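K.L.:
Sharing a structure here in structure tokens format.
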Amino acid sequence: MIEFRQVSKSFHKKKQTIDALKDVSFTVNRNDIFGVIGYSGAGKSTLVRLVNHLEAASNGQVIVDGHDITNYSEKGMREIKKDIGMIFQHFNLLNSATVFKNVAMPLILSKKSKTEIKQRVTEMLEFVGLSDKKDQFPDELSGGQKQRVAIARALVTNPKILLCDEATSALDPATTASILTLLKNVNQTFGITIMMITHEMRVIKDICNRVAVMEKGQVVETGTVKEVFSHPKTTIAQNFVSTVIQTEPSTSLIRRLNDEQVGGFKDYKIFVEETQVTQPIINDLIQICGREVKILFSSMSEIQGNTVCYMWLRFNIDQQFDDTAINQYFKEKNIQFEEVH
């Protein structure tokens with residue numbers, strides 16, 4: 001649906017060149033809720049602006065719904081933009097217009113009939129739960145209600161793609177949760193592909209099925225949300241995951257336990273998925289290795305509606321200890337594991 005092929009974007013300020021994007025490649029599939037996460041300045045917003053051609057790539061290709069828009073003119077983009085809706089952090093509503101007129105604005109600009117406008121706007125306001133607010137003005141609404149108006153406006157043209165640029169950053173946690181539920185409903189009800197730009201890993205965890213992690217203009221990691229949460233490969237991805245889920249004990253706790261440890265030991269970090277959470281893993285391991293197994297840390301969470309568990313295990317070892325059977329057990333049970341040294 002959206003594909004970036006070795007995309008770079010540079011800005012020239014005075015005599016300085018700023019590389020906002022460097023060799024970015026990934027694909028957003030049809031019906032995805034795809035998250036792009038990174039700290040401020042990572043290039044996230046620049047990336048999303050390439051999709052609706054608010055910016056043009058310096059190098060590479062941007063493919064939208066089968067069209068290479070890299071070198072499209074503004075005229076050439078008109079039809080493509082009809083299939084793209086966008087919502088922003090600060091809503092971008094017209095304060096002098098009613099909720100109804102704000103939602104209707106794209107249809108008014110497209111010169112649709114009054115009958116069509118009324119029908120379509122009424123449908124969208126009902127969908128976002130604001131039918132009773134149609135005659136009010138933005139200043140009379142809460143932040144969550146304003147974002148619902150913005151979502152209705154973005155959907156009123158029946159787009160194939162919805163771009164969300166930090167759409168929940170200005171909202172409190174409870175309102176954020178309700179907006180994410182609404183966006184998930186948008187995806188499921190209308191089959192709209194959603195691209196979420198955010199710096200909040202909780203947003204990725206709660207709504208997205210796939211994610212790209214950005215740092216300094218580059219995509220440093222991509223994968224399903226479950227993959228990235230279960231085994232983040234890069235330091236920045238690990239840091240983002242740790243803001244939502246504690247996946248391992250603190251360094252101070254490990255240091256204290258190591259100081260108290262008598263004899264040799266070997267530690268494993270394991271990731272247990274929902275189908276395995278209720279299995280007697282510790283009991284199995286004790287029987288396999290014939291020795292004590294300690295749980296130094298355990299944390300459960302829900303990802304994509306599935307319960308998962310992170311554990312840090314310690315085996316007391318001696319010269320006769322052989323980890324072959326333990327490693328084989330993890331592999332047979334499809335338990336992701338990592339030896340900690």
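Placed from the backbone N, Cα and C atoms, the Cβ positions cover glycine too.
The feature domain 'ABC transporter' is assigned by Swiss-Prot to 2-241. Positions annotated as ATP binding site by Swiss-Prot: G38, Y39, S40, G41, A42, G43, K44, S45.
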K.L.:
On the three-state reduction of DSSP, what should I expect for G43 (ATP binding site)?
P.N.:
coil
K.L.:
Test of understanding: give the count of other CB atoms lying within 10 angstroms of the CB of G43 (ATP binding site).
P.N.:
22
K.L.:
List, in sequence order, the residues of the same chain other than G38, Y39, S40, G41, A42, G43, K44, S45 whose Cβ lies within 8 Å of the centroid of the Cβ atoms of the recorded ATP site.
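P.N.:
Surrounding the site, in chain order, are H199, M214.
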K.L.:
Per 10 Å Cβ neighbour count, which of the binding-site residues S40, S45 ranks highest?
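P.N.:
Top count of Cβ atoms within 10 Å goes to S45.
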K.L.:
I'd like the number of other C-beta atoms within 10 A of the C-beta of A42 (ATP binding site), please.
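P.N.:
There are 24 such Cβ atoms around A42 (ATP binding site).
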K.L.:
G38, G41: which of these binding-site residues has the sparsest Cβ neighbourhood within 10 Å?
P.N.:
G41
K.L.:
Sort out for me which one of Y39, K44 has the most neighbouring CB atoms within 10 A, since those are the binding-site residues we care about.
P.N.:
K44
K.L.:
Through the lens of DSSP with three states only, how would you label G38 (ATP binding site)?
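P.N.:
Looking at the DSSP assignment, G38 (ATP binding site) belongs to neither helix nor strand, so coil.
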